Every structure is written in C-alpha cells, then in structure tokens.
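Engineer: Have a look at this one before I ask anything.
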Amino acid sequence: MITIGILDLQGDVEEHQIITEKALKEMKIDGTTKLVNTLDDIKDCNGLIISGGESSTIGMHLEKTGLSNYLKETGIPILGTCAGLVLLSKKTDQDQPLLGLIDSTVKRNGFGRQRMSFESEIKFNNEDYHGIFIRAPYISQISDDVEVLSKYDDKIIAVKQNQYIGIAFHPELTEDTLIHKLFILEVESCVV
C-alpha cells in the first residue's frame with residue numbers, strides 16, 4: 001500500500017485529496033492519502049503533494065518544521081502545483097526559502113495577479129488537458145536534466161526532474177486525473 005501525503009497548510013488541500021483518491025481508485029492501486037503538517041506526519045508517506053498558496057509562507061513552514069531538510073534528505077517524490085512548483089525550483093525572482101530539487105528558475109505570478117487568472121486547453125505530456133491558471137508562475141529557465149511536460153504560449157508550465165514534478169497550474173480543480181496518475185506512477189516506482 002502507498003500513502004500520498006498532502007501538505008495541509010494552504011491551497012486546495014481537500015481538492016488534491018479527492019482527486020488523488022479518485023486516481024488511486026481508477027488505477028486500482030491500494031493506496032491512501034494523508035494530510036501532512038509536521039515531520040511526524042510525513043514519516044509513513046511515500047510521496048508528497050505541495051499545493052498552491054503563498055510560496056514564501058509555505059517555504060518558511062517547511063524550514064521551521066524540519067520538513068525541508070527531510071524532503072531533501074529522503075528524496076521522496078513530490079508533486080508541486082503553483083506555489084509548490086516555485087518551492088521545488090532552485091531559483092525564483094523573489095528572495096525566499098526553496099527546496100531546490102528541480103534545476104529551474106521560476107517567475108512567481110508570471111502570468112499576472114489574481115484578476116489575470118485564466119483557463120486554457122493545453123497539451124500535457126502530449127495529452128489534451130484543461131489548465132486552470134490562478135496567479136500562475138512559469139518556468140523561465142531549466143537545465144538539460146529537466147524534462148518539459150507542458151508549455152503555454154511558449155512558456156514552460158510543467159516539468160519533471162527525477163522523482164519531482166512541478167506544475168504551474170491547478171490540476172486539482174479539474175476532474176481530470178492525468179497528472180495525479182503520473183505522480184502516483186512515480187511514487188510507485190520509488191517504493192522499495
């Protein structure tokens with residue numbers, strides 16, 4: 001059985017939990033989700049989802065609780081959406097705590113503020129997908145080790161490096177389990 005942790009601090013936590021459980025069921029995988037807020041919470045998790053919110057606040061929480069060091073040391077798979085993508089990157093246009101697990105540079109709020117949020121049909125990993133962008137960042141630079149999963153308007157909006165997946169938009173706000181299934185497969189491949 002696998003356990004997917006969902007950081008229970010900000011963002012669409014419940015929505016991530018619902019769509020992850022839906023994806024597990026569709027894939028017929030014995031798994032569960034668990035809300036995570038402390039180091040003790042994450043110890044039995046095989047993967048972690050970091051959702052949207054204020055990335056600097058989430059980053060400070062990860063450092064204060066010891067979760068940041070734990071995530072770097074253990075290498076458990078992480079799906080980061082919106083603010084989670086920012087946290088996974090090595091660099092951003094703001095001075096803030098980062099996990100630095102994806103060799104990328106991210107522009108926070110790259111597509112604009114709240115009033116400039118939008119939805120668009122995109123290709124994700126060569127599949128049709130409905131992207132929901134809310135104060136979305138984009139990736140301005142990547143190393144050769146980073147795989148591009150999606151672009152919008154020539155801007156990189158989804159990447160994967162090793163067991164880390166970063167998404168600029170909000171897959172938890174759709175009914176489409178494509179991205180969560182990709183993450184679950186990554187978690188499964190890392191479980192010994």
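Keep in mind that glycine also has a Cβ here, set from the backbone N, Cα and C atoms.
Annotations per Swiss-Prot:
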ACT_SITE  Cys82  active site, nucleophile
ACT_SITE  His170  active site, charge relay system
ACT_SITE  Glu172  active site, charge relay system
BINDING   Gly53, Glu54, Ser55, Arg108, Ile134, Arg135  L-glutamine binding site
Engineer: Where the distance is taken from Cα to Cα, which of the active-site residues Cys82, His170, Glu172 turns out closest to Arg135 (L-glutamine binding site)?
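Structural biologist: Closest candidate to Arg135 (L-glutamine binding site), judged by Cα separation, is Cys82.
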Engineer: Calculate the distance in Å between the alpha carbons (Cα) of Ile134 (L-glutamine binding site) and His170 (active site, charge relay system), and round it to a whole number.
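Structural biologist: Computed Cα spacing between Ile134 (L-glutamine binding site) and His170 (active site, charge relay system) is 8 Å.
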Engineer: Taking the recorded L-glutamine site as Gly53, Glu54, Ser55, Arg108, Ile134, Arg135, identify the other residues of that chain whose CB atom sits within 8 Å of the mean position of the site's CB atoms, giving them in sequence order.
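Structural biologist: Close Cβ neighbours, site residues excluded: Gly52, Cys82, Ala83, Val86, Asn109, Pro137.
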Engineer: Counting all other Cβ atoms within 10 Å across every protein chain shown, which of the recorded positions Glu54, Glu172 scores highest?
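Structural biologist: Its Cβ has the most other Cβ atoms within 10 Å: Glu172.
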Engineer: How many other Cβ atoms are found within 10 Å of the Cβ atom of Arg135 (L-glutamine binding site), counting all protein chains shown?
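Structural biologist: Counting Cβ neighbours of Arg135 (L-glutamine binding site) within 10 Å gives 18.
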Engineer: Can you give me the Cα-Cα distance between Glu172 (active site, charge relay system) and the residue listed as 'active site, nucleophile' in Å, rounded to a whole number?
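Structural biologist: A Cα-Cα distance of 11 Å.
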Engineer: What residues, ordered by sequence, lie under 8 A Cβ-to-Cβ from Arg108 (L-glutamine binding site) and sit at least six positions away in the same chain?
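Structural biologist: Counting only residues 6 or more apart in sequence, the Cβ neighbours of Arg108 (L-glutamine binding site) under 8 Å are Ser55, Val86, Thr92, Asp93, Gln94, Pro137.
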Engineer: Cα distance, His170 (active site, charge relay system) to Cys82 (active site, nucleophile), nearest Å?
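Structural biologist: Cys82 (active site, nucleophile) to His170 (active site, charge relay system), Cα-Cα distance: 7 Å.
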Engineer: Please give the L-glutamine site's span as the largest CA-CA distance among Gly53, Glu54, Ser55, Arg108, Ile134, Arg135, to the nearest whole angstrom.
Structural biologist: 13
Engineer: Fewest other CB within 10 angstroms, which one of the recorded positions Ile134, His170?
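Structural biologist: Each of the recorded positions Ile134, His170 was scored by Cβ atoms within 10 Å; lowest is Ile134.
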Engineer: So of Gly53, Ser55, Cys82, which of the recorded positions has the fewest other Cβ atoms within 10 Å around its own Cβ?
Structural biologist: Gly53
